[in-house]
Amino acid sequence: MSARPAQPNIYAPIRTSLSGYPSPTHSGSSTPASLEFSDGRLPENNVERDMSKVVERVALLGEADEGAVIVEGEDKVTKFVWMLVSAAAISGLLFGYDTAAISGMLVIIKDDLGTILSSWQKEVITSATTLGALLGGLAAGCVSDFTGRRLVIVFANVAFIGGSICQAACHTVAAMIAGRFIVGLGVGLASCIVPLYIGELAPTMIRGRLVTINCVAVTLGQVVAYAIGASFQNVHNGWRWIVGLGAMPSFVQLAAIGFLPESPRILLLRSDVAGARAITAKIYPLATIEQVDRKIEIMKAAVDQSIEYNANSTWFERLKSLVMVGTNRRALIIGCGLQAAQQLCGFNTLMYYSATIFAMLGFNNATAVGLIVATVNVLFTLVALKIVDPVGRRRTMLFTLPIMILALVFAAIFFYYLTLSTNGILIEDHDYPRSLSILVLLSMLLYVAGYATGLGNIPWQQGELFRLEVRGIGTSICTAVNWSCNMLIAGTFLSLMDAATPSGAFGIYAGFCVIGWVFCWMLYPETSGLSLEEVYFVFEEGFGIKKSQQLRKQKLVEAAKLKAIFE
């Protein structure tokens with residue numbers, strides 16, 4: 001094998017990932033020398049001036065993250081990274097399973113809880129999980145800086161196991177609500193902390209794809225829930241097996257948790273520099289010692305700044321800074337807006353009530369039909385895994401939301417004609433035209449395809465929006481917004497179908513999608529391929545849509561040049 005060519009020295013003392021951009025030189029002073037390019041010229045255009053500001057901030061404030069240094073093998077996923085992402089994503093599997101299991105359970109539970117469940121009781125049972133997830137999500141980000149990310153994952157698994165056992169053994173509606181609430185705590189903890197954990201361990205160039213793996217696990221969990229639900233449709237007390245089996249993956253993850261590393265940033269917060277360096281070296285096995293040290297040095301600068309900030313501020317002051325500091329506020333608006341859009345589009349009505357809807361439409365095994373919907377969700381989440389980094393977050397959202405809008409409009413139209421004979425209301429055991437029922441199903445599949453490719457996973461990239469000292473609080477608030485909107489949707493869907501008709505309900509969801517598209521078009525910058533410090537810089541003066549696109553374009557060009565050196 002030929003010798004590896006020497007890597008150009010583009011990393012000292014601190015550089016951005018753009019080898020052509022200026023690097024400050026230190027000569028015993030903390031103040032950088034004049035910023036200039038390697039050929040001696042000064043920045044000329046807007047992009048170059050913007051990037052010179054990035055470098056100057058890195059030099060003066062130490063605000064860069066480790067993504068500001070590109071190393072050899074940056075765009076490769078090693079076995080170690082695959083192992084830790086796969087193990088962490090088991091929480092995503094549980095998240096998906098426990099939110100989808102309710103769909104198959106509701107159609108076969110009958111009077112096993114002492115009464116035939118009314119629409120209101122079904123909504124309360126479903127919403128109990130969402131309320132638990134709301135509280136769990138709020139708690140996760142707030143405590144994870146103190147406990148570490150791994151311990152929060154342990155707490156989530158304990159909740160998954162306890163809630164599953166409680167549901168499987170319950171004999172009253174109140175006990176079922178309690179079990180769903182406990183499971184919801186686990187869902188909230190997992191939904192907040194796992195994307196954050198993966199994002200902090202992932203190399204910058206593939207961060208989006210690795211976080212999306214957790215979304216793939218969520219959709220896979222939904223498929224498993226529908227498959228198990230379909231298998232137990234005709235089994236006495238089969239619903240107890242459906243909810244009880246949800247505990248099994250938790251035992252697997254608890255066994256694997258000892259092999260998962262803590263986030264290097266958490267280790268640096270604990271002054272464990274050696275531990276952080278060892279984990280970083282495993283993540284970047286092709287990197288030189290100098291490159292690993294440089295990443296640790298830059299990470300430590302950001303962590304030290306956060307420690308100093310935290311030492312001189314209370315938790316409430318950091319919470320206040322999310323609203324009062326412009327860069328933090330804009331990041332919070334983006335994160336909360338995307339999470340609200342993810343739920344208000346109505347997708348989880350399919351996850352919670354698809355079996356109920358398809359049973360009313362006349363499909364014999366409604367849970368099996370729901371399995372088709374969940375499978376499409378998995379397939380197009382895999383598409384998202386492929387495109388989320390190279391195509392970009394913003395472009396993906398702007399392309400897929402119109403697909404969702406179109407599909408929801410189709411569904412509203414088909415529901416209108418489908419229910420003409422029943423005064424616009426879906427009625428059980430009514431013989432609806434099979435052709436229109438199939439058209440409703442097809443429109444929902446198109447809707448799910450659009451959702452899974454964009455809105456289903458991109459909001460969970462929220463960790464990249466916030467600086468370290470407010471990242472835990474920021475992601476908690478965004479996750480809480482997600483589950484608050486989820487609770488609104490889950491707790492009103494059946495009632496909305498009765499009050500506004502199915503056609504009206506899906507028309508309302510289409511309207512929310514239109515608002516979401518306008519939000520993304522006006523406010524959402526492109527964060528794909530940018531280091532965490534660069535994302536922060538983008539928000540310094542407005543929402544930085546054009547600035548982010550310019551930075552990303554230039555970084556892609558420079559990354560291609562660097563890659564060509566080693567080919």
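Glycine residues also receive a Cβ, built from the backbone N, Cα and C atoms like all the rest.
Note that the coordinates shown come from a computational prediction; the quantities given were computed from them, not determined experimentally.
Listed in Swiss-Prot:
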type	residues	note
COMPBIAS	16-33	compositional bias 'Polar residues'
CARBOHYD	N365	N-linked glycosylation site
REGION	14-42	region 'Disordered'
TOPO_DOM	1-88	topological domain 'Cytoplasmic'
TOPO_DOM	110-123	topological domain 'Extracellular'
TOPO_DOM	145-150	topological domain 'Cytoplasmic'
TOPO_DOM	172-180	topological domain 'Extracellular'
TOPO_DOM	202-209	topological domain 'Cytoplasmic'
TOPO_DOM	231-240	topological domain 'Extracellular'
TOPO_DOM	262-343	topological domain 'Cytoplasmic'
TOPO_DOM	389-397	topological domain 'Cytoplasmic'
TOPO_DOM	419-435	topological domain 'Extracellular'
TOPO_DOM	457-476	topological domain 'Cytoplasmic'
TOPO_DOM	498-503	topological domain 'Extracellular'
TOPO_DOM	525-567	topological domain 'Cytoplasmic'
TRANSMEM	89-109	transmembrane segment
TRANSMEM	124-144	transmembrane segment
TRANSMEM	151-171	transmembrane segment
TRANSMEM	181-201	transmembrane segment
TRANSMEM	210-230	transmembrane segment
TRANSMEM	241-261	transmembrane segment
TRANSMEM	344-364	transmembrane segment
TRANSMEM	368-388	transmembrane segment
TRANSMEM	398-418	transmembrane segment
TRANSMEM	436-456	transmembrane segment
TRANSMEM	477-497	transmembrane segment
TRANSMEM	504-524	transmembrane segment
Among 89-109, 124-144, 151-171, 210-230, 504-524, stretch most in contact with the transmembrane segment (368-388) (C-beta, under 8 angstroms): 210-230
N365 (N-linked glycosylation site), number of other Cβ atoms within 10 Å: 16
Conformational class of N365 (N-linked glycosylation site) under the three-state DSSP mapping: coil
Remote residues contacting the transmembrane segment (181-201) - C-beta distance under 8 A, at least 6 residues beyond either end: 81, 84-85, 88-89, 91-92, 94-95, 98-99, 128-141, 144, 149-150, 152-153, 155-160, 162-164, 166-167, 207, 210-211, 213-214, 246, 250, 261, 263-265, 279, 283, 460-464, 471-472, 475-476, 479, 482-483
Result, the transmembrane segment (477-497) in contact with the transmembrane segment (124-144) (3+ CB pairs under 8 Å): yes
The transmembrane segment (477-497) and the transmembrane segment (210-230) contact flag, 3+ Cβ pairs under 8 angstroms: no
Surrounding residues of the transmembrane segment (241-261) on its own chain - C-beta under 8 Å, 6+ positions past either end: 83-84, 87-88, 90-91, 93-94, 97-98, 101, 104-105, 150, 153-154, 157-158, 160-161, 163-165, 167-168, 179, 183, 186, 201, 225, 228-229, 232, 235, 279, 282
Recorded stretch, among 89-109, 151-171, 210-230, 398-418, maximising Cβ pairs under 8 Å relative to the transmembrane segment (436-456): 398-418
Recorded stretch that, among 151-171, 210-230, 398-418, has the most CB pairs under 8 Å to the transmembrane segment (89-109): 210-230
Folded-back contacts onto the topological domain 'Cytoplasmic' (145-150), same chain, C-beta under 8 angstroms, at least six residues removed: 193, 196-197, 200, 257, 260, 262-263, 266, 269, 472
